[in-house]
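Here is what TrEMBL records for this protein:
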TRANSMEM  B:30-56  transmembrane segment
TRANSMEM  B:86-111  transmembrane segment
DOMAIN    B:86-296  domain 'ABC transmembrane type-1'
TRANSMEM  B:123-143  transmembrane segment
TRANSMEM  B:163-182  transmembrane segment
TRANSMEM  B:228-249  transmembrane segment
TRANSMEM  B:275-297  transmembrane segment
Amino acid sequence: MKRRPNYLAGFASLVWLFLIGLPLYVMLAATLRTRTDYSDGGPLSFPKHWTLKNYTQDFSNGFGQYFLNTMWVTLAVVVIVLLLVPPLSYAIVRSKGRLTSGVFRLFLIGLAIPAQAVIVPMFYVISKAGLYDNLIGVILPTAAFSLPVCTLILSGVMRDITSDLYEAMAMDGAPPWRVFFQLVLPLSRGGLSTIMVFSALQAWNGFLFPLVLTQSDSSKVITLGLYNFQTEHGVDIPGLLAAVVLSMLPIFIVYLFARRALVQGLMGVGGK
Amino acid sequence: MTTTTQRVAGRWTVNRSAGRSSAAVIRPGFAWAVPATLFFVLFAVVPLVLVAVLSFTSWNGLGSPQWTGMANWNALIHDHTMIQSLWLSLLITVLGVVVQTPLSLLLGVWAAGRQRNRAVLSAVYFIPLLLSATAISVLWRALLDPNFGVPAQAHWLFGNGNLLGMQSGAIGVLVFVGAWQYTPFHTLIYQGAARAIPQVLYQAAEMDGAGTIRQFWHITLPQLRNTMITSMILMVVGGLTTFDTVLILTQGGPGTDTTISAYYMYQKAFKGFDFGGGSAIALVLVVIATIISLIVVRVSGYDKMRSSAEGL
């Protein structure tokens, strides 16, 4: 079967390629040239004086610290999510109780709570708990706000485990914890990696909670570092854009090696 | 459904009728849901209740909140900036949907084709998805800088270059950057849905002599109806909660020309130290978001979903 080429969509795709490609080119080119080269030649020109100084300078301006902070936040959020969500999803899918279906409804409603709406009381709670300007104060709400989407994703995956398998385990007289570890977890590996990627992205790219819950340089995450860099040295565009590139580098590496898991995790992000 | 399942290595394969005759399956108790529920209640539900309480108090961020009754709400009703911020949120949301829907629909349907070059191009298209909203805003702020950015080199396109210095320009930039950020995601949704359309429909249309455009209108579009609804609702939610872009690109300016509700709340609470007034705005946002989410749940059928294979 031969279909005629779709000119309109083809044209739109070319325009879009330009709109994506040009900014990315300008960004990369700017970070690899000296500041004077950038301001003399303009953003669209080809670099004449190549340098890596923009990157090294970012690291000496504290981005190394921000990087470590973000990694610690991301790791902690993923661990919390992986500890809390699988048992919850298991209960949601397998328990027949009224309470559990009420809990599922709670998390569904939770999908709708925009983080912006709770930053004021979150600031209140975290300050009263003595966690203001502490990364733990960022980790806890970030993890909590990843729970609804992760629960939805994982319970969807767990529902696909057929009841025959549960019955087989019941014949062996397996208690729920054995069913959980020997049947449910191994069969939801795909879902587990999706929620891992999703929660890691939420934590890595999170901006709002760090913005209102931290203050000092020692507890700054990378997104906040970008924002501060922009408000304080906005004219140093090559240095600023090098920081942007650094902030996306880990995600880009994951994209290269685990594109499928990442895209599924991303779909979860947008689904929020 | 009465067939034997063989998804796992042989030892769990069992005949369904044999399984049914066995002792009742032991189900996990509510205890399994407790840790996650407690955690979520503590860090999401409690703050949500507190936002309602705080909206009836006066609090400057230090000490304890003082009960002031309806004062914040009375002030809010008469607050011009608040009314304007709701209209601006609505405007930016509507413009976002109008720009992003046709674009992501076209790109998604195009990318659904299995040609090799399309796969390569698609990989490039999705790069904006890898950047945080913060990084995207910082990037565009730098690109659009009137002195050091692209406008300084392309006067024929940007005029005097200070896009963010006037309301229409600032709103245009916010809508454009929003589209840059979110179109790849919606393209992915449409691509997935377009691939799921049965090829038989196109073959039948071809036999009837229908061209590409007619096929698009009479097969592709109707088949993508549900996807469109889902995607548009997500755009609405995303548009109404726009915050990072405004904070970094316009700071709500020029003047209060792009001060949308979420940004106005942040400004009132964390810049003006009027946490009570900020909470009142936050509560308005919660109510709007809840109404939309109820529609989402109703339309998408999430609450009735029994399997991840159904629904989307």
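Including glycine, each Cβ sits where the backbone N, Cα and C put it.
In TrEMBL, annotation is done automatically, which means it is predicted and not curated.
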Taking pairs 6 or more apart in sequence, does the count of Cβ pairs under 8 Å between the transmembrane segment (B:123-143) and the transmembrane segment (B:30-56) hit 3 or more?
-> no
Checking B:30-56, B:163-182, B:228-249, B:275-297 against the transmembrane segment (B:86-111) for Cβ pairs under 8 Å, the most are found for B:228-249
Using Cβ atoms only, state whether the transmembrane segment (B:163-182) and the transmembrane segment (B:30-56) have three or more pairs under 8 Å that are 6 or more apart in sequence.
-> no
Within the same chain, the residues 6 or more beyond the ends of the transmembrane segment (B:228-249) and with Cβ under 8 Å of it are 89, 92-94, 96-97, 100-101, 104-105, 133-134, 136-138, 140-141, 164, 170, 173-174, 177-178, 181-182, 186, 189-190, 258-263, 266, 285, 288-289, 292-293, 295-296, 299-300, 312
